[in-house]
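These features come from TrEMBL:
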ACT_SITE  B:CYS331  active site, phosphocysteine intermediate
BINDING   B:ASN268, B:ILE269, B:CYS331, B:SER332, B:ASP333, B:GLY334, B:TRP335, B:ASP336, B:ARG337  substrate binding site
DOMAIN    B:119-493  domain 'Myotubularin phosphatase'
Amino acid sequence: MPQPAFRFIAQGCPPAVGRPRVVPAPPSRPPRPCRGCLLFPQRVLAAGASPGPFPLLASMEFAELIKTPRADNVVLHRPFYLAVEGTLCLTGHHLIFSSRRQDNAEELWLLHSNIDSIEKRFVGSLGTIIIKCKDLRIIQLDIPGMEECLNIASSIEALSTLDSVTLMYPFFYRPMFEIVEDGWRSFLPDQEFELLSSVTNEWRLSCINKEFSVCPSYPPVVVVPKSIDDEALRKVAMFRHGSRFPVLSYYHKKNGMVMMRSSQPLTGTNGRRCKEDEKLINATLRPGKRGYIIDTRSLNVAQQARAKGGGFEQEAHYPQWRRIHKCIERFNILQESLIKLVEACNDQSHNMDRWLSKLEASNWLTHIKEILTAACLAAQCIDREGASVLVHGTEGTDSTLQAGHPFQQRCAQSAYSNSKQKWEAPVFLLFLDCVWQILRQFPCSFEFNEQFLIMLFEHAYASQFGTFLGNNENERSKLKLPQKTMSLWSWVNRSEELSKFQNPLFEANSLVIWPSVAPQSLQLWEGVFLRWNRPSKFLDEAHEEMINIIKYNKELQAKVNALRRQLAEMETDDRMQENL
Amino acid sequence: QVENVKLLDRYTNRKAANGTLYLTATHLIYVDASAEVRKETWILHHHIATVEKLPLTTAGYPLLIHCKNFHVAHFVIGQERDCHEVYTSLLKLSQPVKPEELYAFSYNPKMSKENREIGWKLIDLKVDYQRMGIPNNYWEITDVNKDYEVCNTYPPEIVVPRAANKAVVVGSSRFRSRGRIPVLSYLYKGNNAAICRCSQPLSGFSARCLEDEQMLQAIREANPGSPFMYVVDTRPKLNAMANRAAGKGYENEDNYDNIRFKFIGIENIHVMRNSLQKLLEVCEMKSPSMSDFLTGLENSGWLRHIKAVMDASVFLAKAVKDEKASVLVHCSDGWDRTAQVCSLASLLLDPFYRTFKGFMVLIEKEWIAMGHKFSHRCGHLDGDPKEVSPVFTQFVECVWQLMQQFPCTFEFNERFLLEIHDHVYSCQFGNFLGTCHKEREDLKICEKTHSLWPFLLQKKQELRNPLYRGFTAYKELQPNTLPFCFQFWCGMYNRFDKGMHPKQCVLDHLLSCVSQKMKLEDNASELE
């Protein structure tokens, strides 16, 4: 039999989020059925680094929320495993289940913030809690005693929906791993700008937003055309929704063209214009060249936005720009789409026709296709047409997805939650899914692998790290996240973690990649959506095999090179001998 | 030869290629003159399914060619007369009337007569029966059919229970449609449970046949570990019931000792043909939306049928392995659905069939020898279009679906499947000609044509699966047959639309790793 693949939670990092990974099973242990993200043998943990400090059973803040901190004889049901009996403990941030068996102790650690919704059921005095997680997993706990069950359920409900950000786990989490590099300082604008300055001098760093006084949702430092001074920027900010004035998003080295992002212009019904705005974006064009404005709303929606003071760039005032409307759905439409998709994936009673029609009706893949199409269009304008591009929707916070994405609002709830707040939207998941689609089509062009994307998805929704807390730089700085929480990147940017996210097929390549957006080329992202619905043992083994093949080749190559060197040395020695 | 012909690309708006069309005795060849590097498109006449003349456009006279390997070529020809001539020539060339006109009889790979004979002997079914331990106390290879008197669509040698004497065999054959009696398809050595196959019984509403009942009893008793056996009718119940009116039908549980009778509804060849037609229409849509595509995929029913075939095969494998019970499978004639299900169940149970050699044996045994009517199903000759059906294509796809779920368990890769699929239609090799053993004997296939298998083995390096973990790594496979486990096979149905496929091929990368590995290993040992 081949070495069984075996997934469990990382050592050296509390099992807050199930980060799947492949490690060889300890030799003495019988092979396990397959992935069991949150369940891991104690011995493996003990052998590795500590899982982090055991959270205080109930810090002061949470004591009153936890009426029953512990219940015995609880039965846990979770995907791919037989039911197991053990003890359930509630702490301020975790739900911990331990089988307490001497021979094969198993533990489940679940962050309360990973819990999307819970349901309770009673049969006699036996209560059942069904927990639906934001990573789309569903687990079930059978708890004897009606009171205990009710108490636990209400605690989970309260603890998983804490109002205050500062009560969340990242503010309590103390890492046990060695920090090589502070992730909060990994992506500083100055350093990024230095890279940019080495290829062009047409841009400058502006500190206009230092105190978040111009645009509360932008970072303090932004990159803008050199020829536009801060005074002009202030005027432009007045002309853009939420003051999100056009800033640099991406610079294309090959031809100096750029992608900028902003929010909609506030033209209103009477066609207001702003000379500085026109000047700003024109500054990115080469003489005689045209640019493209990609409006991620339909023309209809953009026109309607005028009534509310918003609008779009009028041809008359932006003669060098061509506007293209590429409709990308937003907010609740995306959220509904995700809910429908997850529902379809979880219902195993579907026949083929019903599955396909549910998949179709969810529209998830339609949204993927829309976003990829818009992205390809932008890339095409820049690379093929040699034109600069400005991308915006209404608020300019979702469509291009870089700095300033309101993570906290968008990722507060996942697919199972009933409370449908209007700002909920799986935009980041959609982005990750799009990246996965491109990764599938260009498996050699990404330095990271699918696991990296899945890890990001999990941490965006529930994490011990502060990276995805808050909605923008302003909020993050008010929360003092860099001082009070650990950055996800501090943990990721260590060789032992990085190696798990590395794509063995990666070959550095500076060429532009053009994915296909034909429906035949797009697939459901199984790694996320079917993860808990079908075992992945055989796929994991294939991945392992691929890594081994490439690793072995590299070792062989190194060996051959070393031998060649040796031979060459011996030959020179011989020659020297002869010469003597 | 026709000059000034345009070849349109279906999926991109790139400028149409301009070039020259040549017709040879076997191929249509298009040479692109506008490309910097010489680019050729070859289409085998036998691969052409349909040729259509479309209405005149500003560019010229369009000619649309659909191939059996799902290649679609859209030519535009300048002159109407040229277009018409090409059209009529292709119609004639793509639909030979006599078997002797098939490519295999003229194909000459410059191989010695000896090598050709060795090629035909590469696959020996007797060796496979030996591998299963046959003959043994319960099963024997009999030549009772040597003059095709029992069944003219079976091979001369068949495997039946020792306990079934000639009278039982002959008696049973009279009670089975076209004399296709129950014979052994696969014996699972682990527990002596067997998969057997036959055609439907001529039971009508109440007819019985003592010898047939004895035959089933003999099969059941050849597996002493189980008190019962399954009889699986792979047709939808309604179809089977309708057959009773024609004097055919299915086994009555009351008449046979200790059988468990079960229907597994796989649709008939006509439903499958229409389903594929619909699927291909979806594949050919011009810039469809996601909704168009998924709705079309659903409406075609194609994946539903693939799942049905897979479900039936999984049932068989489970019955044999987990319930230790023998299974007798039939449909109507026992050469379409039965072939699919028996061969797939064997593939699930036995890792040998997941090797190059084993897969060839499987096709020779369950499809070619047992009389799957390749010639009719693939439309090799001008004939009844209602006989054409993608039964073998579905089998190949099921294997591909298994490869997706179990990437390390097959010695060969997707390209091997595509090669075989191509040659089932190409008529370049003799293996798939005719409809049954007797017909191939009459056509003198072994003397006049070549076998495909040695040619594929020569290409082993590019057809192998670099992730294969070897023969002993995995035994039985238990595929998941939930709907979301089935994928649309873009590599088959949109195979010639390169733009849709991943732009970087992991398979190529790994194959080059494997060949590099061998070179490096040689280097290393030399240097040492």
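Each Cβ is built from the backbone N, Cα and C atoms, and glycine gets one as well.
Just so you know, TrEMBL annotations never went through curation; they're auto-generated.
Averaged across the domain 'Myotubularin phosphatase' (B:119-493), pLDDT in this predicted model comes to 96. Between the CA atoms of B:ASN268 (substrate binding site) and the residue listed as 'active site, phosphocysteine intermediate' there is a gap of 9 Å. Shown in sequence order, B:THR234, B:ARG235, B:ILE266, B:VAL309, B:ALA312, B:CYS331, B:VAL391 are the residues of the chain, 6+ apart in sequence, with a C-beta less than 8 angstroms from the C-beta of B:ARG337 (substrate binding site). Whole-number maximum of the Cα to Cα distances across the substrate-binding residues B:ASN268, B:ILE269, B:CYS331, B:SER332, B:ASP333, B:GLY334, B:TRP335, B:ASP336, B:ARG337: 12 angstrom. Every protein chain shown contributes to the tally, and the Cβ of B:TRP335 (substrate binding site) ends up with 25 other Cβ atoms within 10 Å. For B:ASP333 (substrate binding site), the number of other Cβ atoms no farther than 10 Å from its own Cβ, over all displayed protein chains, is 20.
Secondary structure from DSSP puts B:ARG337 (substrate binding site) in a helix. Cβ neighbour density within 10 Å is lowest for B:ASN268 among the recorded positions B:ASN268, B:CYS331. For the recorded site, B:ASN268 (substrate binding site), the DSSP three-state label reads coil.
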